[in-house]
Amino acid sequence: MADHQARQSGSSQRTVIPDPQLAKEKSNLTNYLRVFAYATRWDFCVYVVGALASIGVGVTMPLMNVVLGQLVGDFSDTVQDPYNMDLNNFKSMLQKQSLYIVGLFLGRWLLNSINKFCFRMIGIRLSSAIRHHYLRSLFAQSIHVIDSMPPGAAATAITATSNTLQIGVSERLGTFVTYVSTIIAAIAVAFTRSWSLTIVSASLLVYIAIIIAIVVPIYLKANAATLKADAQGTAVASEALQGIRLVNACGAHERIISKYSKWVTKAMERSQRVAPIIGAQTGLVFFGIFGVFGLAFWYGTQQFIHGVIKNVGVVIIVLTSVMLILFAFSYLEQPIMAISQAMVAATELFKVIDAPLPPMGSFTPDINSKDLIFKDVTFEYPSRPGARVLDGLSFRIQAGQNTALVGPSGSGKSTIVGLLERWYSLKHSPVLPEAATPRSSKEGERDNHDERKYERSTYEVPIMVPTNLTGALSGSISIGAHDLDDLEGKWWRAQIGLVQQEPFLFNSSIFENVANGLLGTVWENESEAKKRKMVQDACQEAYAHEFICRLPDAYDTRVGDGGAKLSGGQKQRIAIARSIVKRPQIMILDEATSAIDAKSEKIVQAALDRAIKTRTTITIAHRLSTIQKADHIVVLSKGRVVEEGTHKSLMEHENGVYYSLVEAQSLRLSTTDDTDSDLPATTYVAELKSAAVDIEQPLEVQNDEDNGPVVEPEVLRTLTQSFVKLLEGLRDQSSSFLLITIASMGVGAATPLQAWLFAKAVIVFISPSDDLKKEGDFWGFMWLALAGGVGVAYFFQCWISLRLQYHVGATTKQSYLRDMLYQELSFFDDDSRSSGTLIGRIAGDPKQVEGVFGLNLASATSSVFTIVGCLIISLTFGWKLGLVGLCVTVPIMMVSGFWKFRHELQFDQMNAAVFAESSQFASEAIGAMRTVSSLTMESAINNRYKQLLDGHVEAARRKAQWTAVIFGFAESATLGCQALILWYGGRLISSGEYSLEAFMVSYMAIINGVEYAGQILGVAPSAAQAAAAANRILDVQDSNRSSQEAEKSGPTVEDTDGGVEIELCNVSFKYPTRNVSIYKNLDLTIKKGQYAALVGPSGCGKTTIISLLERFYDLEPNHGEILWNGTNINDFGVYQYREHLSLVSQEPILFRGTIRDNILFGVADPSSVPEERIHEVCRDVFIHDVIVSLPDGYNTEVGAMSLSGGQKQRIAIARALIRNPKLLLLDEATSALDSESEKIVQAAFEKARKRRTMIAVAHRLATIQDADIIFVFDQGMVVEKGTHGELLQKRGIYWDMCQTQALDQ
């Protein structure tokens, strides 16, 4: 908590933080140690217990060396003087020492179990705490800071980065403590026996420390660079998955994959560049380890010759201690690497956690009946100094009145909303890092988002600069006598009810979504019954109650990811209910009815009119029919007020801006009778109530029990099946596998040879004194030769396996994203495959798989060769002892390792499932940051996230108890095996069957073989995680193959002039994940070159036709057909078919890159499009002048420029037209545009329609009144069709919709 409090500093004009260069130099180790500051007192107690247990585990093996040394000494005495041996005393001593080893085994089992349980639990607890603090710190930042973050970084931080940190503070840290204590204890034991020999042996420590000091900084730097490139790639994948419909419509799969591959390849190359350095480190370390054993052996013989060491047991204790240090150092490699990666991960996470917080006010005054006053407000976004959004803006919003803000796109309307919501400030405008979590594109703002160019690395030190360097900020916004910046932020937002153009709903029940509006109010802690009553009242006010009650679960119906299971109008009414349930004093309606059809608009507008009667209201609208009754209308242009007044007074100025805006939206109603247009009040209210029920198609959601999503079950595969299938895709790496195998054979041969050399070393000490020096020199040289060979083998093994590992990771990432992008759209409709979940999988799953195919694979391979070599040499020198090892000890280690692996697999599957849930929740919340902020949901989101994490910790605690016991046994069983081998081998020596050399060779070979047998399955943690990840990857791959197999290579779409004829013949359809029929036997014909419009209430099936024409979904057999110039569209190859049509959706989506990149997004070969063609299309949609006015013109990065919603939409339209489609689909394509822009773009459409067929879905009827034919839908059927004039003459549903939107009555 202390560092959170320390971060808030500075004045209203300047926020000061430490110099960024100093921040960059902060030690990774310091940040790693800071992680432990999140531990509670109880956590520290558990840590102490776990650390003591780890130390105890580490000490057991050096104590075992003491026993072994004493036994060898006794065996040596027996061999030298067999006639004076007391057999009973020898057997008694043998039994005593064997029981002592059994005691060590039991103690090590207990301590290992405690160690594993404690470190695993604390690791999960600390990881959960860091994840929680990361999210909390992110939500405490200003909105524009989160706007500037690239998509996907949140998922990376909360999944892959946090997982890396968790590994480095849990079991791997415990392993590090264990082996460090082993090294220290081994040195202590050796030192007490012979300090001089120990000092010689300890030279190894200095040697390894020098190597590590050289290599680790290089590795850390390379790893940080890799993380940055990975984050860039994740951002590309994130955008693609969030905009998957647009990617499919544009056929931009390969473009996205190419862009993603560029970053993935860069990350791979950076990693592979450091692979030989890590290989050299490993080779040099193992050369030193084996070499120092030869040095210690040679020096020991010298000491023995001169009488300094008199007992061969002393030499054995020291030598085995050196060997133990050898093993301990070799085992330290992975823990050190894990801790190093955790240091980097901690630094990345703390960059966000430590980011300075914006100043917050503290006043909570009475604002009832107080006016809102804008006085000389000048505002520029931090990323756009010099580009004024508001320029000396002054106006007053009267208390209790409805003030409407109108004007063209980019005039500053939504910036005013941002200032009122305190998302931006006139006193401080910090520029914060691109190091944190991005916002999702699910929830956009239409005007002037502060999206900064992503030039620097994704993870960078926070930077704040003085406001005078970030753009002009002046003026004031006040309510009563109080400046908005002086008010307490959350309290102020709780006084505002905000309804945005693009409503965002959370993937929870309707009740929970509406009840979110009560957060931060006096009703937040009311009983559920009271809340339900308030929610129901609010829904009735918003005319949503009736359609909700018709759902299977009513208010408990879940709305899907982002509210995907609701129509646009349904979502908007839920959002309106959410905003009015808290009875706010101020209402802000930011295009609140833009997504609603004409009839629904009349209903909702009536609800809004009723809701705002006694409230101060700010209404932003492009559809001017919604603000005719406003008490005051403010007309904006270029950040200034150009006109003010009522609708009536402004319409008196025929040359005025407002008058021209109204004229642009007017509907021709010449065939209507004016006397009939106004209904009596009682009739109007009755009509509203009737329409609220009748126009709504039942919500297309499924009852979770009865009508669950129809998704294909995941294929269950064994670990072997998963990895064999993945290996099939790595045939091009067969040479790497071969080289790894050869190098692993060299590594595997080291241990059997070491056992033989060790036995020879023991025999040397019982040789005649004349031969001792000569033998000592010879065998010391043999140790040196072995060290050289082992160093070379380890160098190549590590280098090649790391290169393979990084290659596997890169190729898996690319194929994984490719398989995801090429899925059918129904794949993404399943709740378990939300964009947040898939982004987390893209970031995490390939990482898990690459770990198994790299060093872990090489380690397992060399372990197999080691076991085989050890068994061969033990059977050669002593077959009886070898058989005991083969038939008893090795099976024990293998079985215990198998059970360890099995429980670890189950644990990691549970771990992945829970963290996937929490990751999905966090990603969804970050994507809806504006909604979260406006509803003051930050605390609720944090608490819910913490509940998810706490639940995971508790589930992990229960599971970890059993896995810890099994782990403890598996990692201690080697001591039990040693007790058995020593006891049996001693009996063989005492009976004279074995010589000391035969026993020592067999004993050392069996013990080392047993150790490596356990290590084969010692990769359980990595393999367990990788197995689950591999299954998910293969499930996606198999699903994509099914899609590809379904792809037909039928007829080619003919390149015809003048458009195409579209026929829907007897079409029946329901969505794959929903059990509700959309159409039953629908027939519809659109002639070649026609401009057809589809209109009707929300949920009637208009947009579904667009989805079917785009082949987002295909009709099932015998459910009708859709014909393209007489050919069933299902007969065409889907990707080739989509090249001939373009889609412009209601919500414009622009991807990272330049404006030119976005315009050419749907073009297969962008280089083939001349620059003049790009300019021509942009001129047609009247965006060219805006683009060339930007500093970099068409090369302007989209993220570096805050484009208004209208500007974004015009770029999206240019993107559609440059493909020269035969069929142009417009799904509310002009709904985000102001009247002036709409008129311009409509003219562009009129020009574009001459050469193609055009189908438009529209709620704003003025945009389609010139259509050649208009189809009026209701409940999945065409109930009227004709031209605008013909339908008005019928005075039916269409006529009624026109009356609602008419502006000239």
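Glycine too: its Cβ is placed from the backbone N, Cα and C atoms.
Lifted from Swiss-Prot, the feature list:
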COMPBIAS  440-454  compositional bias 'Basic and acidic residues'
DOMAIN    372-663  domain 'ABC transporter 1'
DOMAIN    738-1025  domain 'ABC transmembrane type-1 2'
DOMAIN    1062-1300  domain 'ABC transporter 2'
CARBOHYD  N28  N-linked glycosylation site
CARBOHYD  N468  N-linked glycosylation site
CARBOHYD  N507  N-linked glycosylation site
CARBOHYD  N525  N-linked glycosylation site
CARBOHYD  N1040  N-linked glycosylation site
CARBOHYD  N1066  N-linked glycosylation site
CARBOHYD  N1075  N-linked glycosylation site
CARBOHYD  N1125  N-linked glycosylation site
REGION    434-454  region 'Disordered'
REGION    1038-1057  region 'Disordered'
TRANSMEM  44-64  transmembrane segment
TRANSMEM  99-119  transmembrane segment
TRANSMEM  172-192  transmembrane segment
TRANSMEM  199-219  transmembrane segment
TRANSMEM  277-297  transmembrane segment
TRANSMEM  312-332  transmembrane segment
TRANSMEM  737-757  transmembrane segment
TRANSMEM  780-800  transmembrane segment
TRANSMEM  851-873  transmembrane segment
TRANSMEM  877-899  transmembrane segment
TRANSMEM  964-984  transmembrane segment
TRANSMEM  999-1019  transmembrane segment
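Residues 58, 61-62, 65-66, 68-70, 72-74, 76, 175-176, 179-180, 182-183, 186-187, 189-190, 193-194, 197-198, 201, 204, 208, 285-286, 289-290, 292-293, 296-297, 300, 304, 754, 758, 761-762, 765-766, 1011 of the same chain lie 6 or more positions beyond the ends of the transmembrane segment (312-332) yet place their CB under 8 Å from a CB of it. Under DSSP, N1075 (N-linked glycosylation site) is assigned to coil, being neither helix nor strand in the three-state scheme. Cβ atoms under 8 Å from those of the transmembrane segment (172-192) belong to residues 50-51, 54-55, 57-59, 61-63, 65-66, 115-116, 118-119, 123, 198, 201-202, 205, 317-318, 321-322, 324-325, 328-329, 331-332, 334-336, 338-339, 342 of the same chain, restricted to positions at least 6 beyond its ends. For N525 (N-linked glycosylation site), the nearest neighbour among the listed glycosylation sites (N28, N1066, N1125), judged by C-alpha distance, is N28. Proximity to N28 (N-linked glycosylation site), defined by a C-alpha to C-alpha distance within 10 angstroms, is shown by none of the glycosylation sites N507, N1066, N1075, N1125. Long-range Cβ contacts of the transmembrane segment (737-757) within its own chain (Cβ-Cβ under 8 Å, at least 6 residues beyond either end) map to 290, 323, 730, 779, 782-783, 786, 789-790, 792-794, 796-797, 800-801, 804, 857-858, 861-866, 868-870, 872-874, 1000-1001, 1004-1005, 1008-1009, 1012. Below 8 angstroms of C-beta separation, residues 334, 723, 726, 730, 740-741, 743-745, 747-752, 755-756, 797-798, 800-802, 804-806, 808, 882, 885-886, 890, 1001-1002, 1005-1006, 1008-1009, 1012-1013, 1015-1016, 1019, 1022-1023, 1025-1026 of the same chain, each at least six residues beyond the ends of the transmembrane segment (851-873), sit close to that stretch.
Comparing N1075 (N-linked glycosylation site) with N1066 (N-linked glycosylation site), their Cα atoms are 19 Å apart once rounded. Residues 36, 101, 104, 107-108, 111-112, 114-115, 117-119, 121-122, 174-175, 177-186, 188-189, 321, 324, 328, 971-972, 975, 978 of the same chain sit 6 or more residues outside the transmembrane segment (44-64) yet have a Cβ under 8 Å from a Cβ within it.
Only sequence-distant pairs (6 or more apart) were considered; of these, fewer than three Cβ pairs between the transmembrane segment (964-984) and the transmembrane segment (199-219) are under 8 A, so the stretches are not in contact. In this structure the alpha carbons, written CA, of N1125 (N-linked glycosylation site) and N1066 (N-linked glycosylation site) are 17 Å apart.
Within 10 Å of the C-beta atom of N1066 (N-linked glycosylation site) sit 14 other C-beta atoms, taking all shown protein chains into account. Here the transmembrane segment (877-899) has long-range neighbours at 759, 867, 870-871, 966, 969-970, 973-974, 976-977, 980-981, 984-985, 988, 993-994, 997-999, 1001-1003, 1005-1006, 1009-1010, 1013-1014, 1016-1018, 1020, meaning same-chain residues at least 6 beyond its ends whose C-beta is under 8 angstroms from one of its own.
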